[in-house]
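Checked TrEMBL, it gives:
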DOMAIN    B:71-283  domain 'ABC transmembrane type-1'
TRANSMEM  B:12-30  transmembrane segment
TRANSMEM  B:71-96  transmembrane segment
TRANSMEM  B:108-128  transmembrane segment
TRANSMEM  B:156-183  transmembrane segment
TRANSMEM  B:204-227  transmembrane segment
TRANSMEM  B:266-287  transmembrane segment
Amino acid sequence: MLDQLKEAGHGCPMTTAWQSWIHLENLSAYHDVPFATQENGFAGLDTELAFNGPVQVQHIAQMGEWAQEGKFVYAGRRNEGGANFRAGECALFTESSAGYAGIKAEAEFDFEVRPLPYWEGVDGAPQNTIIGGASLWVMEGHEDDEYQGVAEFLNFLSSPEIQAKWHQDTGYLPITSAAAEATREAGFYDENPGTDVAVQQMTANEPTANSKGLRLGSFDQIRGIIDEELEAVWSGDKSAEEALNSAVERGNQLLRRFESASR
Amino acid sequence: MEKRVTFQGVLLPLLLVLPQIVVTAVFFFYPAGQAIWQSLFIPDPFGLSMRFVGLGNFEFLLSDPYYRASFVTTAIFSSLVTVVSMGVALYLAVLADRLIKGSGTYRTLLIWPYAVAPAVAGVLWLFMFNTRVGVVTWYLGLLGYDWNHVLNEGEAMGLVVVASAWGRISYNFLFFLAGLQAIPKSVIEAAAIDGARFWTRFRTIVFPLLSPTTFFLLVVNVVYAFFETFGVIHTITSGGPQQATTILVYKVFADGFVGQDLGSSAAQSVILLVVVSVLTVIQFKYIERRVHY
């Protein structure tokens with residue numbers, strides 16, 4: 001597909017948003033390989049990064065090759081690629097389902113939503129994908145009636161109607177089955193084909209230790225390190241293996257620092 | 001002999017400088033003290049507890065080759081921003097100073113960009129140079145040049161330098177223009193009568209007489225480039241590609257406010273503070289000697 005687009009003279013066969021999240025974190029979960037030891041950090045703070053395994057190295061090496069050949073066009077660390085896709089410049093785009101609303105609103109062409117591709121021949125693929133990571137936190141140390149208010153707010157936010165509306169308007173995943181069911185019953189998925197792809201691929205299988213999510217300290221900085229190292233691959237300065245090894249090594253230093261701070 | 005006007009007593013002078021002392025204490029000494037204090041701890045991400053590590057944060061930073069490399073990046077970035085913004089401003093000021101008609105309009109237009117916040121300036125330049133939909137990128141493409149600052153380190157540096165220097169040109173322009181207009185016309189006319197051409201006059205009379213302004217701007221611009229440019233970096237490159245535009249102050253911002261590692265961020269601010277203080281001392285010691293007041 002990318003070959004055909006390139007041969008046809010296409011300037012941007014493929015681009016992506018959130019490269020670390022899609023092409024390393026989800027890649028690992030989807031192929032049921034660890035992103036980090038200790039069940040991706042859930043089992044302990046003494047976790048170490050493990051995304052320099054053969055599956056990840058092979059994938060990043062392939063992407064790097066595509067980047068050199070002009071088949072994969074890197075647009076930036078955040079979701080910059082979205083502008084290129086919505087403008088009709090890029091043919092394929094890997095993005096969070098949360099990008100759906102923007103594409104739907106701006107794209108002046110027909111598009112389809114497909115599940116994330118996976119490599120054949122990897123045992124267990126496709127497993128399931130994982131969420132991006134934004135979450136709400138409630139801190140201790142407030143008055144009881146304040147927590148009453150917090151509870152009411154969280155109840156409101158997670159109620160089926162609000163979640164269903166949120167899910168349908170934005171493309172974000174519904175956080176409860178009731179909201180997903182309400183969306184299905186309302187006929188939303190039939191009217192908007194593709195909007196249930198993200199739900200399906202995330203709930204396709206019972207999650208394993210490799211695919212139930214990530215819990216890593218300083219992860220925002222680690223993503224920054226991953227961005228830097230991946231850029232070295234896309235520009236051809238480093239091989240996939242060198243870059244991922246270096247990202248693991250640099251990230252582990254931050255994990256150790258976090259571990260010592262959290263004792 | 002210089003004739004000094006002095007106030008009697010201690011109370012009145014103290015009262016008069018009090019507001020400045022209060023402002024400095026609240027907005028400089030207090031936060032700087034806090035930064036030094038925090039730099040000795042590693043707090044947990046929610047700031048609920050802190051663990052004393054002594055100089056551990058500094059050790060962690062200075063043993064990191066990527067952090068050390070960012071000193072070089074910062075030096076290159078700051079020199080370029082200072083030279084570009086001051087050079088262009090001086091050139092424009094010299095031209096505007098010679099104008100007889102319409103100088104007010106030119107001046108107003110040249111001063112405008114100063115009102116644009118760094119982050120907004122960053123977004124403006126990013127739009128123009130966006131690798132696929134940017135106007136400038138498109139024209140460069142017509143000329144056969146493939147602009148790609150998301151992967152090309154030199155281009156990324158160039159873009160953040162231009163975006164940072166742009167707003168600064170206005171500020172420098174104002175000071176240079178005022179400086180130029182304060183130079184007595186009689187001196188310049190005397191040189192002109194002696195047969196000195198414009199650039200000779202500029203080199204031998206105008207530039208030396210302008211040196212107090214130039215020196216002041218040099219100090220202020222270096223401080224600007226070191227401290228106030230993270231908005232531009234954040235909006236345009238986030239420090240990339242790889243680490244090509246990760247300057248010290250951007251790392252302070254990214255580690256502290258995005259990564260919530262306040263211990264490391266505080267230690268970085270302290271290091272930055274020391275670097276800039278040393279630079280300023282050097283400037284006053286060695287460059288100020290060549291300034292004619």
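A Cβ is built for glycine as well, from the same backbone N, Cα and C atoms used for every other residue.
Automated prediction, rather than curation, is the source of TrEMBL annotations.
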For the transmembrane segment (B:156-183), which stretch among B:12-30, B:71-96, B:108-128, B:204-227, B:266-287 has the most Cβ pairs under 8 A?
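Per the Cβ count, the answer is B:71-96.
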For the transmembrane segment (B:71-96), could you work out the same-chain residues 6 or more beyond its ends whose Cβ comes under 8 Å from its Cβ atoms?
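Residues 103, 106-107, 110, 157, 160-162, 164-166, 168-173, 176-177, 179-180, 202, 206, 214, 217-218, 221-222, 224-226, 229, 243-249, 275 contact the transmembrane segment (B:71-96) from elsewhere in the chain.
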Residue list, the transmembrane segment (B:204-227) vs rest of chain: Cβ under 8 Å, 6 or more residues beyond ends.
74, 77-78, 81-82, 85-86, 89-90, 94, 164, 168, 172, 175-176, 178-180, 183, 187-188, 191, 196, 247-249, 272, 275-276, 279-280, 283-284, 287-288, 290-293
